[in-house]
Amino acid sequence: MDVEPKENSDLLRKINTTETNGNLNHEEQGGPPDGGFRAYAVLVGSFMTNGLVFGVINSYSVIFPVVESYVQSQNVTNASSRASLVGSLAMGATFFMSPLSGVLAGILGLRMTAVLGGSIAATGMFLSSFVVDNVSALYFTYGIMYGVGASLAYIPSLAILGHYFKKHLGKVNGVVTIGSSIFTVIMPEIMKYMIGNYGLDWLFRLLAIFTLGMAFCGLLFKPIPFMTIEKPIKKRGFKAFLKKVINVQIWKIRKYAIWALSMPVALFGYFVPYVFIGAFVKVNFPLSNAILPLQCIAVTSGLGRLIFGCLADKPGIDRIFLQQISFYAIGTLTIILPFMNLFGLVVAISLGMGLFDGAFISLIGPIAFQLCGGAYAAQAIGCMLGLAATPLSVGPPIAAYLFEIHKSYTLPFALAGISPIVGATLMFAVHYKGFSSNRDSSTSNGVPTQSNAISIERSPSGSLLRREEIYDQSTL
C-alpha cells in the first residue's frame, strides 16, 4: 500500500487509519490548523456566504407588501398567504435541500458544491426580476431556485470551518453566523431604497449580483490536505455507492437523532416574526418605523452569536442546554410580542429575540461536530435542516391564514411562540444518562473517537450547564 497526499474532497467516505506503535492514528494527523492565511480566508468566505444567504431571506418582510399588492391587484383570494409563501419557500428550500448539500459535498467536494449553489441562486434571483407580477413564477424562481442554490452554498460554509478550526470552533461559528445579522441590518435599507426608486425588478437584479458573490466565496472552501493510506481492495457497485452517499451512521448516534428530530418542532414558528413583524407594526403602530424591529433582531442576533459562540468554547459547557435556553426565551418573547401596546416595548422584545436567535444559530455547527464528528458534520447539519424545512415553510402561510380570518396577529404570534418551547422541552431527552453508553459514542467516519457524551449528572458546582467528558473507544 502506498501512502500519498490526497485532498479530503469526499467528506462522507470512510477515514482510513493505520496503527503505529500499537496506537490508532487517524489520517488527519495534524488536525485543524486553527489559524493561518487560508484558515482566515475561509472564515471570511463563510462569513460572506452566511450574510448573503440570510440577509436576503430574513429581509423578505420588505418585499412581502410589494408582492402582496401585486397579488391583490389581480383580485386573487388569500393574497397575504400567497405572498408570504414566496419567502417561505425560499427559507424552506434552503433547509429542505440541506441533506442534498451534504451528499453533494461528499461527491463533488465542498468547494464545487458551494460554487454551484451560488450560481443557481444568482440565476434564480435574476429570473425573478422578469416575473415580479407573477406570484406563481416567483414560487419557482425566488422560492425554489434561490432556496436550492442558497442551501448548496450554505452547508459547505459551515462544514468547512471544522477543517480549519478546532479549539475555537464555537467562537468561529459565532463570527461566521454574525454575517447574516450584519447583512440583515443593511439589506432592508437597500431593498427599501431600490423598491422606492427603481422598483422590485431592479432590486432582484441587484440581489442577483450580490448573490453571485457566494460562488466566488465558495472557491475558498478547499479542505486541508493530509496523508491517506489507500486500501488495496475497495467495494464497488450501486449498493456500496449508496452506503457511501446516504450515510445512516449519524442516525445510530441517539443523541444526534433526538436533537435533530426536536429541532423541526422548535423551528415551526421561527420564520413568522421575520415575515410579519413589519406588517404587525404597520397595523398597530402606523406612525412608527416598520423595519426597525427587524433591524433590532439582526443587531442583537449578531451580538448573541459572538457571546454564545465564545461561551460554547468554554470547557465543560453543555451546548445543547444553551440552545434549549435560547428556544425557551425566543418562544416566550414571541408569545408576548402581540400584546405590547407601546412601540418601545416591541423594540425591546425584538432586541431580546435577536440575542437568543443568535445563540441558537451559532450553536448548530458546534453541536453537530460534537455529536457526529467533523467528517459527518456536513450531512449531520444537512439532515437536521432538511427535517426543519417543512415546518419552516408552512409556518408563515398558516400565520397569514389566521390573520386573514381574525384580522389580528395575536394568535399567529402566540402559536409561533409555542413551538420553540415544545422543541426545547423534547431536547431534555438528549441529556438522558443512559445514552452515554458505548453504543452512542461519536465516531468520525466509522473510526472510534472520543465523544463528548453529555450526562445529566450535575457537576460539583451543581450546574446543569457543565457536561461530563466521556472517552469511549467503541464504534457504532
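Residue numbering: from 1, along the chain as shown.
Backbone N, Cα and C define each Cβ position, glycine as well.
Curation does not apply to TrEMBL; its annotations are automatic.
What TrEMBL lists as transmembrane segment is 39-63, 83-107, 114-132, 144-165, 202-221, 256-281, 287-308, 320-339, 345-369, 381-403, 409-430.
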Who are the chain neighbours of the transmembrane segment (202-221) in space, where the CB to CB distance is under 8 Å and they lie at least 6 residues beyond its ends? 38, 41-42, 44-46, 48-49, 52-53, 56, 63, 110-119, 121-123, 125-126, 128-129, 132, 142, 146, 149-150, 153, 156-157, 160, 190-191, 194-195
Do we see three or more Cβ pairs under 8 Å linking the transmembrane segment (83-107) and the transmembrane segment (256-281), pairs being at least 6 apart in sequence? yes
Which residues of the same chain, at least 6 past either end of the transmembrane segment (345-369), have a Cβ under 8 Å from a Cβ in it? 158, 161-162, 169-170, 173-174, 177-178, 180-181, 256, 259, 273, 277, 281, 285, 292-294, 296-309, 312, 319-320, 322-323, 325-327, 329-330, 333-334, 336-337, 376-377, 380-381, 384
Between 114-132, 287-308, 320-339, 409-430, who has the most Cβ pairs under 8 Å to the transmembrane segment (381-403)? 409-430
Stretch of maximal Cβ-Cβ contact with the transmembrane segment (287-308) [cut-off: under 8 Å; candidates 114-132, 320-339, 409-430]: 320-339
